[in-house]
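Reviewing the structure listed below.
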Amino acid sequence: MLSSHIMAAAPVAAQHASSYLPIALQIVFAIGFVALMIFVSALLGPKRKTNDKLANFTSGITTHGNARQPMAIKYFLIAILFVLFDVEVIFFYPYAVNFKSLSWTGFYEILLFVGLFLIGFVYIIKKRALKWED
Amino acid sequence: MTLLAFDWALFIEKLVLIAVVIFGSLGIALYSTWAERKVAAFMQDRIGPNRAGPLGLLQPFADGAKLIFKEEIIPNSANKWLFILGPGMAMTAALITSAVIPWSSHLEIAGRIMPLQVADVNIGILYIFGAVSLGVYGIMIGGWASNNKFSLLAALRGASQAISYELAMGIALIALLMLTGTLSLKEIVEQQMAPGHYWNIVYQPLGFLIFIVCIFAECNRTPFDLSEAENELNMGYHQEYSSMKLGFYLFAEYVNMFVASAVMATLYFGGYDVPFLNESLLSPNVAALVGIIALMVKIVIFIFIFMWVRWTIPRFRYDQLMELGWKKLLPLALANMLITAIVILWLQHK
């Protein structure tokens, strides 16, 4: 059942999907190379481990706890804002590709979208979300 | 059974091309480290590496061999598997980005046409964006898994810097896509090669400026190398790394630089196009060779600019970096996009 289903879809999808196969090949090649190098260098190096050597590096001063602790919220905020704005940027791509055929009508509609984008942008600036020094 | 009928000739052809691309980019990354030291030496009136081989040309191999034979250290408090995954991911992401770059037109061997591009997909630019974004995981995972405060801070800085500049880069690129109307890198190059058409830099100078600034930030290069600010963070996100895992982080930066240079040359500087030369007059193989040389010359120039900037401009402060990315480049890129749109439409309907 499954195979007949795939066979039926093959003529349509084959040419499209097959152009991505070399990319998959390159990804496999790259992962293989990286894994091999990490493995080989792990075998080749000397292994003389001591407790002092395996402690975290802190420029010589005594360690105070570890790095599993709360960090500045600003970084998280940037990440959230990035997700929001990047999704909006991605919406521009299909528009840009069809830009010439959409002509002025498309442009007025994208102006509306840019307007909404800017409202959000001005809002986060007014909220001081991008201000790094308090 | 058509699915099982596999084109082995194509498979081998692509495998050879992939091997050449990957080992080629590693080789260029290797020699970029040498070039970086030589350029730095030149700018600071020093000699630079000159012991291993003539002009120190064997230095990168000596460095590479040293890294492989060094002792591997995984700190006791680190998260072991993520600690190994981090540099692996950074390097893999750097190596797979080059899959959609057209290195030249095509070779003809025994009647068989071999395009010198691993994959000509119609979403080429989106693929590059996706693969480049994976590099952020390498930095973030490595920095977090080290369980070191310096590494963690550096990783956070690196990650939020990379994602911030991706926005302006994306919008700067959209202005270019309005001109080209395609996401395929091959078609973008062919459009620039067409008679009566100039390189895209002529139509998009501001877009290119925004793009190159963002590329510098994406590659964590000076003046945006805050994740490696040694006076604040010792060595940065690869603080705890040693042996080849450290080597991967360092090489990944240079491979990224090489691929970024290739992308800039392809998008804005005609890719494998030689100015004032009609490639269709040459035989295909000669044209392909000339094309590769032309692209490599452009790439080397860009890599030199990366180094030139590194030894010229001091590092930004972190709030300056964020302000430049969000409050200056992003609105500028939006304005560039709208102005480009208006000019194109106005010319179209004149």
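Cβ coordinates come from backbone N, Cα and C, glycine included.
The annotation transmembrane segment is assigned in TrEMBL to B:15-34, B:81-103, B:123-146, B:167-185, B:197-217, B:246-269, B:289-309, B:329-347.
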Notebook entry, point to check: the transmembrane segment (B:167-185) and the transmembrane segment (B:15-34): do they have three or more Cβ pairs under 8 Å, with pairs 6 or more apart in sequence?
Noted result: no
Item checked: Touch test for the transmembrane segment (B:167-185) and the transmembrane segment (B:289-309), at least 3 Cβ pairs under 8 Å -> no
Notebook entry, point to check: Which residues, given as numbers and ranges, are at least 6 beyond the ends of the transmembrane segment (B:329-347) yet have a Cβ under 8 Å from it?
Noted result: 165, 167-168, 171-172, 174-175, 178-179, 203-204, 206-207, 210, 213-214
Check: Taking residues 6+ outside the transmembrane segment (B:81-103), which of them lie with a CB under 8 Å of any CB in it?
Finding: 18, 21-22, 25-26, 74-75, 115-121, 124, 127-128, 131-132, 134-135, 137-139, 141-146, 185-186, 189, 238, 240-241, 245-246, 248-249, 251-252, 255-256, 259, 262-263, 266, 271-272, 291-292, 295
Note to self: Six or more residues beyond either end and a Cβ under 8 Å away: which residues meet both conditions relative to the transmembrane segment (B:197-217)?
What the structure shows: 161-162, 164-166, 168-169, 172-173, 175-176, 179-180, 188, 191, 223-224, 260, 263-264, 267-270, 273, 275, 306, 309, 321, 324-325, 329, 332-333, 336, 340
